[in-house]
Every structure is written in structure tokens, then in C-alpha cells.
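Undergrad: My questions will all concern the structure given below.
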Amino acid sequence: MCVVEMGTPVNIIIGSHVWAEDPAVAWIDGQVSKINGEEVEIQTSDGKKVVASLSKIYPKDLEAPAGGVDDMTKLSYLHEPGVLQNLATRYKLNEIYTYTGSILIAINPFQRLPHLYDGHMMEQYKGAPFGELSPHVFAIADVAYRAMINEGKSNSILVSGESGAGKTETTKMLMRYLAYLGGRKATEGRTVEQQVLESNPVLEAFGNAKTVRNNNSSRFGKFVEIQFDKHGRISGAAIRTYLLERSRVCQVSDPERNYHCFYLLCAAPPEEIEKYKLANPKSFHYLNQSNCYELVGVNDAHEYLATRRAMDIVGVSEKEQDAIFRVVAAILHLGNVEFAKGKEIDSSVLKDDQSKFHLQMTAELLMCDLLALEDALLKRVMVTPEEVIKRSLDPVGATVSRDGLAKTLYSRLFDWLVDKINVSIGQDPNSKSLIGVLDIYGFESFKTNSFEQFCINFTNEKLQQHFNQHVFKMEQEEYTKEEIDWSYIEFVDNQDVLDLIEKKPGGIVALLDEACMFPKSTHETFSQKLYQTFKAHKRFIKPKLSRTDFTIAHYAGEVLYQSDQFLDKNKDYVVPEHQDLLSASKCTFVAGLFPPLQEETTKSSSKSSKFSSIGSRFKLQLQQLMETLNSTEPHYIRCVKPNNLLKPAVFENVNVMQQLRCGGVLEAIRISCAGYPTRKTFFEFLNRFGLLAPEVLEGNYDEKVACKKILEKLELIGSQIGKTKIFLRAGKMAELDARRALKLNNAAKVIQGQIRTHIARKHFLALRKATICIQSIWRGRLACKLYENMKREAAALKIQTNLRRHVARMTYNKLKFSVLVLQTGLRAMTARNEFRYRKRTTAVNYYPGSLAWS
Ligand SMILES: Nc1ncnc2c1ncn2[C@@H]1O[C@H](COP(=O)(O)OP(=O)(O)OP(=O)(O)O)[C@@H](O)[C@H]1O
């Protein structure tokens with residue numbers, strides 16, 4: 001597995017924010033809590049503590065924008081977790097497109113986003129400089145179109161990704177946009193662009209099927225060449241297809257479906273059902289091996305009519321359409337022909353009346369001789385030097401022969417359709433330039449991998465090499481444009497895997513052809529030969545426990561191939577009996593599917609010498625494709641499937657990571673990392689790192705000079721100054737950030753100290769003021785109280801005094817009164833006594849004897 005190599009994270013200290021590997025979410029962020037030599041303890045954001053090796057953690061950019069960046073190269077830290085986090089953030093905001101330089105990453109939204117693709121959007125992207133608007137497929141198509149117009153050079157857009165990632169949808173958008181740019185105003189008849197767009201439903205009906213991974217999966221690769229005249233108008237088009245999955249015609253596993261056309265035909269109007277003697281799909285062996293017959297949200301009857309209409313548009317005549325569906329019906333009937341053991345040893349006969357009926361229907365529909373058809377299925381012609389003999393086939397052999405015929409018929413039918421579409425759209429021999437759009441299967445690695453996966457992965461290796469070369473070239477161009485030295489960028493190449501597969505002689509494809517030509521070869525002898533030949537090859541591994549499997553270490557990971565069907569699947573010959581039978585068909589359409597071979601080799605026993613192999617043919621096709629691509633300016637779109645549930649808003653990190661690896665996105669980043677992955681414009685650099693040399697900022701220098709001065713002061717090794725940007729080697733950004741963090745930390749400490757002092761002083765002053773205030777209030781209150789008391793005391797004294805005076809006065813008055821009364825009494829008594837005395841005396845004097853009155 002390829003892992004993006006980055007500069008070892010330097011300057012990781014306790015408290016640093018980092019990314020660490022996590023089995024569940026690929027990468028998890030956390031903070032370093034302990035460093036023990038090479039080992040680092042991290043407190044992760046989900047509350048766990050993990051220990052990781054210092055070389056396996058990456059710094060996290062705390063200053064990354066909350067909404068992510070629209071181009072990965074704008075990330076300060078270009079590494080796996082940064083890329084993943086950026087994509088996840090954007091996907092959450094329904095931003096499904098992101099650039100990595102000039103590569104567009106498209107994450108399948110699994111929901112219709114019509115506002116992204118309407119006429120207004122097309123208008124906006126028309127002629128807009130690349131990068132000015134948000135990333136979009138239209139932007140890529142626009143760049144390709146402008147480059148073609150301005151430089152007169154052909155361009156190609158390579159769309160790749162795993163099944164269900166959105167390649168076909170993306171391709172359709174690209175074509176729509178190109179038709180918008182280069183289309184003509186409606187003239188009489190169908191325009192080229194309309195025909196190209198309408199060819200999609202036809203190809204999808206015959207080349208697409210429901211699979212576990214995608215309800216409308218293209219089972220073939222496709223390269224659409226759109227030709228333009230000197231005015232930039234679409235003048236012709238051609239469609240090339242690659243490697244249709246033939247085995248699906250006879251073998252479908254639950255819950256997948258066979259090719260859509262079979263179900264469409266079974267849902268055709270009643271008169272056609274009657275004409276072809278069709279019935280419910282459940283009654284056909286080629287369809288009932290799986291329990292899935294219908295697709296949610298798809299009406300097969302409606303689709304049948306739509307396909308017919310699309311066929312009209314691409315120029316398939318009514319008669320041809322009838323013939324096409326006749327062949328489709330014939331294949332269904334053929335699949336229901338069963339065989340039983342015959343009387344003779346190793347012979348077979350038709351199993352029952354049902355089988356006879358279906359055989360008859362097949363013959364009728366294919367317009368060939370019934371007996372000849374039966375013979376072609378049950379017997380083989382053997383040519384020996386002495387004589388020509390007919391050998392019977394046992395029921396298993398007859399079934400293989402039947403399925404072989406069905407597959408050949410179907411693949412020829414598909415090829416015919418593609419040819420027809422090409423003829424009716426028409427090529428422009430005077431075309432000045434073209435834009436090719438490649439929609440091809442991505443890297444595949446399943447539990448069992450057979451010849452198909454081998455070819456698919458071979459294709460991907462080829463495309464990967466092309467991609468690497470392109471990315472490398474782009475890097476070089478960027479460096480040249482900025483006038484910096486790029487001599488030490490390392491080029492990553494996968495030529496060794498390609499040699500292993502395609503080298504002639506001695507590669508796996510060549511050895512497979514050899515094995516196919518040698519009658520006694522089996523998959524075991526083929527595997528042994530591989531083990532022997534590639535014993536020391538570092539990309540070839542022999543599994544310990546198997547005698548026939550082999551592993552290839554592809555750029556995207558190791559894939560274990562099961563070789564048991566390699567020989568059969570590689571053989572590309574039509575059984576001569578089938579060839580003869582169908583080329584003699586009374587239906588010109590069917591006969592046309594099986595043109596007589598150039599050389600009369602069919603009846604010869606030396607078939608081997610004329611053997612044609614699928615592998616070699618495919619290799620040749622790929623070679624031609626690569627030649628075409630090499631003559632064009634490529635643009636890449638990597639489609640990513642965010643989850644296997646095919647649901648919107650679910651982003652599975654591990655899954656996406658694996659696809660980014662397989663799609664070469666991380667490889668591109670790796671190439672980038674080998675050079676100067678971090679690029680900052682002078683302004684951005686000054687903005688971020690100016691504080692490391694504030695005197696430079698005050699010096700009033702121009703931006704470039706200021707940057708240079710800062711770098712000189714910092715004595716940073718591994719940087720170059722371009723014309724508009726600063727280029728930094730991997731890890732240098734982290735180093736600068738660490739120094740910046742240190743400076744900021746120190747500054748923060750000073751600021752914190754000052755602020756703390758200020759706050760403490762403010763607090764103290766407030767406290768003092770408050771204390772004084774409280775004290776005065778209290779003192780005032782105390783004084784008041786004291787005064788009150790004094791007042792009370794004085795009052796009390798006064799009252800006491802008054803009371804006492806009053807009492808004294810009262811007592812005195814009473815006493816005085818008593819004294820007065822006594823005095824008065826006494827005086828009265830005295831006076832009376834006096835009076836009486838005087839009176840007596842007087843009397844005595846007058847009356848001397850009356851003195852005795854007391
Ligand atoms: N841009 C998009 N907008 C909305 N839905 C999309 C978009 N791209 C893909 N899809 C959805 O994802 C499904 C699968 O996409 P598509 O058929 O293009 O995948 P593919 O990569 O071509 O798969 P295969 O290799 O199996 O053919 C589509 O049927 C559609 O529902």
C-alpha cells in the first residue's frame with residue numbers, strides 16, 4: 001500500500017495538535033501529552049489516549065479555514081489526514097468538488113443537486129479563468145475547450161473512480177457542457193452533439209446493469225472523442241469501448257441484474273412480447289439466477305420506449321431495432337435450452353419439450369437452421385490429418401457451448417451498436433482538434449479477482465503511469481514558471497509492474513497467451529510458469545498456501561488473483577460451428593454480426609496458430625488509447641464514492657482514503673511532496689511569518705525582498721523564492737510554524753503577565769476603594785450610633801433631672817404645704833390660744849375669775 005511520504009514531523013512538542021492513525025476513522029486529531037523518545041502519547045479528541053510513533057503522526061493546521069480550502073495545494077500541511085479532513089469538511093457543506101492542483105476530485109453526492117448543473121451555472125463557467133470560481137466539472141471542460149481553441153491542441157479528460165463513484169454522471173455533465181460550448185443552433189435534423197448525448201441511453205441499456213455497488217453500473221470502458229472544426233464547433237464524434245463484461249450475459253449473482261436491455265424487452269408492449277414469445281423475466285434462466293428483477297424508481301416499460309426513441313435519434317433504423325431486440329430475445333430463449341445425457345457415452349440431447357421450444361424460438365429469431373443450431377450446440381467438428389469427425393459433447397460441454405454462443409452474440413451485438421452509433425454520428429476527417437473523455441473502471445480488488453480484474457488493474461497501471469508523468473510534468477512546469485531549480489524532484493514510476501504484465505516476451509499476458517496456445521496447458525501449469533519466471537520479481541508474490549493463485553503488488557495495493565479461469569477467459573475465438581451457423585443466417589443483421597473470417601482457418605485443427613487472445617487484444621487497445629492520450633493535453637477528474645450505502649451525507653473516512661490512494665490522488669501529493677509541496681504567495685508568507693522578523697516589516701521593503709530577508713534571518717534550509725511565491729520543502733512549514741508558535745508563546749506569556757498584573761492591580765485598587773468606602777460608612781454609622789446614645793443619655797439625664805426636680809418640688813411643695821398647714825394650724829392654735837388668753841385676760845381684767853378656759 002502506498003502511503004504518502006511526508007517530511008518527518010519535526011517540532012512536535014507537548015501540547016502540539018497532531019493527527020494520529022486510527023483504525024475506525026483513518027485519522028484522528030489530538031494533542032500530544034507526553035513524548036518518550038520515538039513514542040508519543042496523544043490525548044485524542046474522542047477522549048482516548050493513544051501511543052503512536054513520532055514518524056507516524058502529522059501536525060494539524062489549527063489555522064485551516066473552517067469551511068476547508070477549494071484546492072488541496074492551499075493546505076499548509078499537505079498530508080493524508082489534512083486532505084481527508086478537507087474533503088470531509090467540504091462534503092458536509094455539499095461542496096462535492098475540490099481541486100488538487102489541476103486535478104478535480106468529485107465526491108458522489110448521491111442526491112440530485114440541480115442548481116449545480118443548470119444553464120445559469122454553464123453561463124457562469126463559460127470563459128471564467130480557472131480557479132476563479134468554485135471547483136466544478138464545467139471548469140475542467142472549459143479549460144480543456146479553451147486550451148483547444150487557443151493552442152489548437154487536442155485535450156482529453158480522464159474520469160476515473162470505482163464503481164458507483166459517479167464517472168458516468170460526470171462524463172454526461174462534461175458532454176453536456178461541451179455541447180453547450182461547441183453546439184450549433186438547431187438546424188434541420190439531429191446535431192452531432194444531440195446524437196452524442198442520446199447515445200448514452202442506448203449504450204446504457206445494453207452495457208449497464210445493476211450491481212451490488214451501483215444500480216446503473218457501466219460494464220465497459222468508454223472513450224468518447226468529440227471532434228471540433230476550426231471555429232470550435234462540434235463537427236464529429238467517435239465512441240470507443242473497452243472490455244465489455246461478457247460473463248454477465250449467462251451468469252448473474254444475487255442481488256445483481258443482467259444487462260438492462262433484457263428486462264426492458266420483457267416489459268415491451270404486448271404485441272412485441274407476443275412476437276418474440278417472451279414472458280416474465282422470472283421464466284428465463286439468464287435472468288432468474290438472481291432474485292432481483294426490478295429497479296427502484298425505474299419503469300422498464302417506459303425505459304424500453306425511451307431506448308427505442310434514443311435509437312431513432314442515433315440513427316438505428318426501425319428494421320435494425322427489430323433485429324437487435326430479436327437477437328436479445330433469442331439470447332433469452334437460448335439460455336433456457338437445457339441438455340440431458342444422450343444414449344451414447346459423452347453425448348447429450350435436448351432435455352425436454354420446453355428446451356425444444358426454446359431452441360426452435362432461438363432458431364426462428366436468429367433466422368438460422370434449427371438442426372444446424374442443435375448440431376452446433378451438441379457437437380464439435382474435429383479435424384485430424386486423416387479425416388473430419390464430429391464429436392458429441394456431454395451435457396456440461398453443451399451448456400458451455402450454449403453460453404459461449406450467447407456471450408459471443410451479445411458482445412457482437414454491443415460492438416455493432418457502438419459501430420452504428422459511430423457511423424451515424426459521423427467522424428469529421430477535417431477536424432482540427434478533439435476533446436476525448438475517458439470513462440473507465442477504476443482499480444478493483446475483491447475477495448476473488450479473476451481475469452477481468454487483471455485487465456482492469458492493468459488499465460489502471462497504464463493510466464497511473466500516464467498520470468504520474470503528467471503530474472510530474474505539471475510540477476516541473478510550475479517550477480519553471482516560477483524560475484526555481486527543480487533538478488532534484490524525484491520521479492515515481494510504476495514501469496516495473498507494467499513490465500511484469502505486458503513485456504513481450506516474458507510478461508504475464510505473453511505467458512498467458514503461450515499457455516492458451518499449448519493444448520495441454522492448465523491454469524496450474526500456467527501458474528507454475530509464473531512462479532518460476534517471476535521468482536525474484538519484487539512486484540510478484542506467490543502466496544504460501546496456494547498453488548495457483550498469484551499476487552501482484554500494484555501501485556494501489558496488493559491484489560490476489562485466482563488463475564483458474566484465466567485461460568478460458570483469455571481465449572477469444574468463436575467456435576467455428578457457431579460462426580458458420582450464424583454467418584449463414586437469413587437475417588442480414590445476424591449474418592452481419594458474424595462476417596466470414598478472412599482466412600479459412602475455422603475448420604483447421606491448427607486453431608492455436610491463429611489464436612487470438614483477449615489479453616493481447618486489450619493490450620493493443622490500451623496501447624492505442626495511450627497513444628491517443630499522449631497526443632493530448634490531459635485533465636483529470638477523480639470520482640470518489642463516499643460510502644457503500646449509496647446514501648447522501650455519509651462520509652466514510654477509511655473508504656475514501658483507500659480510493660484516494662487507488663486514484664493516485666495521494667500519489668500526486670507524494671510527487672508534489674518530493675519537490676516543494678508548500679507554496680505561499682509572498683503576501684501570505686509575510687502575513688503568517690512576518691512576526692518572526694518584525695524589523696523587516698517595518699523596513700518598508702517590497703514583498704519579495706521582505707520574504708528573502710525573513711528567510712535569511714531564519715536560516716531556513718529547503719526553500720526557494722519564485723517569481724510570485726515561496727516554495728518550501730515538506731516539513732519546512734511545520735518548522736516555521738513551530739518557530740512562529742514559540743515566538744507567539746513567548747509573546748503570549750509577556751502579554752499574560754502584563755494582563756495579570758493589570759488585572760491584579762485593578763482588583764486591588766477596587767478592593768481598597770471598596771474597603772475605604774465600607775470603613776467610612778461603618779465609622780459614620782458608629783459615630784451616628786454613638787451620637788444617638790449620647791443624645792439619649794443627655795435626654796435621659798434631662799428627664800431624670802426634671803423628674804427628680806419635679807419629685808423634689810412635689811415633695812418640697814407637699815412639705816411646704818404641710819409645714820404651712822402645721823404652721824398655720826400652730827399659728828392658728830397659737831393665735832387662738834393667744835386670743836383665748838387675751839380674751840381671758842381681758843375678761844379677767846373685766847371678769848377676773850373667768851381665766852380658767854383650758
Ligand atoms: N454529480 C452527481 N449528482 C447527483 N448524483 C450523482 C452524481 N454523480 C453520481 N451520482 C449518483 O451516483 C450513481 C452512480 O453514478 P455513476 O453511474 O456515474 O457511477 P460510475 O462511477 O459510472 O459507476 P460504474 O463504474 O459502476 O458505471 C448515479 O446513478 C447517481 O445516482
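Cβ coordinates come from backbone N, Cα and C, glycine included.
Residues or ranges marked as ATP binding site in TrEMBL: GLY161, GLU162, SER163, GLY164, ALA165, GLY166, LYS167, THR168. The feature domain 'Myosin N-terminal SH3-like' is assigned by TrEMBL to 13-62. Annotated domain 'Myosin motor' per TrEMBL: 67-741, in sequence order. Per TrEMBL, region 'Actin-binding' is recorded for 622-644.
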Undergrad: Cβ under 6 Å from an atom of ligand 1: which of these binding-site residues qualify? The list is GLY161, GLU162, SER163.
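TA: The binding-site residues passing the 6 Å Cβ test are GLY161, SER163.
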Undergrad: CB neighbours of THR168 (ATP binding site) within 10 A?
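TA: For THR168 (ATP binding site), the count of other Cβ atoms within 10 Å is 21.
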Undergrad: Starting from the Cβ of LYS167 (ATP binding site), draw a 10 Å sphere and report how many other Cβ atoms land inside it.
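TA: Total other Cβ atoms inside 10 Å, all chains included: 28.
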Undergrad: For the domain 'Myosin N-terminal SH3-like' (13-62), how many residues does DSSP put in helix, in strand and in coil?
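TA: Counting residues by DSSP class gives 3 helix, 30 strand, 17 coil.
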Undergrad: Just to confirm my parser: what is the rounded mean pLDDT across the domain 'Myosin N-terminal SH3-like' (13-62)?
TA: 87
Undergrad: Translate the DSSP assignment of LYS167 (ATP binding site) into the three-state scheme.
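TA: Going by the DSSP assignment, LYS167 (ATP binding site) falls within a helical segment, counted as helix.
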Undergrad: Pick the one among the binding-site residues SER163, GLY166 whose Cβ has the fewest other Cβ atoms within 10 Å in this structure.
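TA: Taking SER163, GLY166 as the binding-site residues, the minimal 10 Å Cβ count falls on SER163.
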Undergrad: Return the single residue from the binding-site residues list (GLY161, GLY164) that has the minimum number of other CB atoms within 10 Å.
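TA: Output over binding-site residues GLY161, GLY164: least Cβ neighbours within 10 Å is GLY164.
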Undergrad: Can you list the residues of the same chain, besides GLY161, GLU162, SER163, GLY164, ALA165, GLY166, LYS167, THR168, whose Cβ falls within 8 Å of the ATP site's Cβ centroid?
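TA: Near the ATP site, the remaining chain residues are ASN108, ASN214, GLY442, CYS639, LYS641.
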Undergrad: From the DSSP assignment alone, can you count helix, strand and coil residues within the region 'Actin-binding' (622-644)?
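TA: Final tally across the stretch: 9 helix, 8 strand, 6 coil.
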Undergrad: Report, as a single number, how many Cβ atoms besides its own are within 10 Å of the Cβ of ALA165 (ATP binding site).
TA: 24
